[in-house]
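Notes to accompany the following structure.
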Amino acid sequence: MSKLLAAFAARSVGWAQDKWGEPAVGVATENLNQWYQSGDQAYIIVASAMVLVMVPGLGFLYSGLARRKSALSMIWVCMGSLAVITFQWYFWGYSLAFSMSGKSGFIGDLKHFGLMNTLAMPSPGSPLIPELLYSFYQMQFCAVTAAIIMGATAERGRVIPSMVFTFFWATLVYCPIACWAWNPNGWAFKYGVLDYAGGGPVEIGSGMSALAYSWVLGRRQEKMLLNFRPHNVSLITLGTVLLWFGWLGFNGGSSFGANLRATMACWNSNLTAMFAAAAWVILDWRLARKWSMVAYCSGAISGLVAATPASGFITPFGSVVLGVVTGVVCNFATK
């Protein structure tokens with residue numbers, strides 16, 4: 001019985017595999033790290049942890065922007081969505097998004113159900129890191145995207161229905177879009193779409209999903225919209241700082257290695273955020289004649305969003321232009 005349980009446990013985590021991903025005997029004694037650079041693996045592990053910090057960062061940001069009575073629930077739904085996504089990604093999310101054996105171009109198959117056959121093979125995203133690490137990093141992307149959507153529940157959405165929504169949204173919306181853009185078999189990937197860190201699956205996917213969710217939930221009561229102001233600017237600032245920190249792992253880690261492209265992505269992300277924040281603050285000062293921390297945070301986040309799909313491809317000067325344009329456009333869009 002003990003041998004049977006050990007064999008089942010080994011299969012469930014993908015231990016019993018050779019270097020080609022097929023079951024093998026004695027592979028537990030093989031040094032699977034020999035195919036990869038330790039520095040690259042360490043960097044992506046740290047980047048994954050940085051991206052994870054973005055989830056509570058979103059919770060603090062939404063908590064500060066909402067009314068006092070909704071502050072705790074906004075943190076709750078963001079952290080709850082992280083738990084749901086962790087289960088969904090382990091259960092079948094990674095397989096549906098990144099399975100290489102699915103040839104439809106729209107969604108993967110269940111080859112990696114429960115992380116089976118996921119260990120030391122080169123990842124679909126880069127040969128620099130193993131598939132097991134790649135799946136963990138991509139799980140954080142899905143978790144952040146789900147947490148972004150949770151802002152739509154502010155003051156009118158309930159916790160339990162939002163958790164159920166999160167599981168089915170990740171399965172029916174995020175996994176297919178991620179497959180299109182990042183799976184080598186995806187139709188958009190084959191067309192040559194360049195999405196460095198998630199402009200499609202993360203930013204557009206979360207934005208359109210939140211819009212649809214808000215439309216279903218409906219408008220807030222008119223009396224709740226009178227004299228509406230963020231209840232805690234300190235929480236907004238804390239959330240922005242955590243998001244900014246995590247975004248450097250989000251964009252920098254999308255190089256899938258400790259290399260020059262990661263450094264360039266971090267530089268570009270920082271430049272875009274800073275110039276977008278400056279543009280937003282100056283435009284608000286022109287009208288209100290006071291310096292607004294909320295304006296600074298709004299501009300910085302808009303710049304980080306704009307940098308996400310492009311930070312690994314453009315020059316630093318391009319980041320400056322992108323930041324200024326983003327700050328101006330997004331500022332006027334909120335008026």
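Backbone N, Cα and C atoms are what each Cβ position is placed from, and that goes for glycine too.
Feature annotation from TrEMBL assigns domain 'Ammonium transporter AmtB-like' to 43-335.
Tertiary neighbourhood of the transmembrane segment (42-62): same-chain residues 74-79, 81-82, 129, 133-134, 136-137, 140-141, 143-144, 147-148, 150-151, 154, 235-236, 238-243, 245-250, 252-253, 256-258, 262, 297, 301, selected by CB-CB distance under 8 Å and a gap of 6+ residues from either end. Under the heading transmembrane segment, TrEMBL lists 42-62 (among others).
Long-range contacts of the transmembrane segment (74-92) within its own chain (CB-CB distance under 8 A, at least 6 residues past either end) are made by residues 52, 55-56, 58-60, 62-63, 66, 110, 113-115, 135, 138-139, 142-143, 146-147, 149-151, 153-154, 157, 159, 162-163, 166-167, 170-171. The transmembrane segment feature in TrEMBL is assigned to 74-92 (among others).
If you look up TrEMBL, you'll see 132-152 (among others) marked as transmembrane segment.
Summarising the annotation, TrEMBL assigns transmembrane segment to 164-184 (among others).
Annotated transmembrane segment per TrEMBL: 196-218 (among others), in sequence order.
Feature annotation from TrEMBL assigns transmembrane segment to 230-250 (among others).
Summarising the annotation, TrEMBL assigns transmembrane segment to 262-283 (among others).
Under the heading transmembrane segment, TrEMBL lists 290-307 (among others).
The annotation transmembrane segment is assigned in TrEMBL to 313-334 (among others). Counting residues 6+ beyond its ends, the transmembrane segment (313-334) has Cβ neighbours under 8 Å at 194, 196, 264, 267-269, 271-280, 283-284, 295, 298-299, 302-303, 305-307 in the same chain.
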Check for me, if you would, whether the transmembrane segment (132-152) reaches the transmembrane segment (196-218) - at least 3 Cβ pairs under 8 Å, residues 6 or more apart in sequence.
yes
Does the structure show the transmembrane segment (230-250) and the transmembrane segment (290-307) touching, where I'm treating 3 or more Cβ pairs under 8 angstroms (sequence separation 6 or more) as a contact?
yes
Counting only residues 6+ away from its ends, which parts of the chain sit with a Cβ under 8 Å from the transmembrane segment (290-307)?
61, 203, 230, 233, 236-237, 239-240, 243-244, 247, 251, 268-269, 272-281, 283-284, 319, 322-323, 326-327, 330-331, 334
Per-residue pLDDT averaged over the domain 'Ammonium transporter AmtB-like' (43-335) comes to what?
94
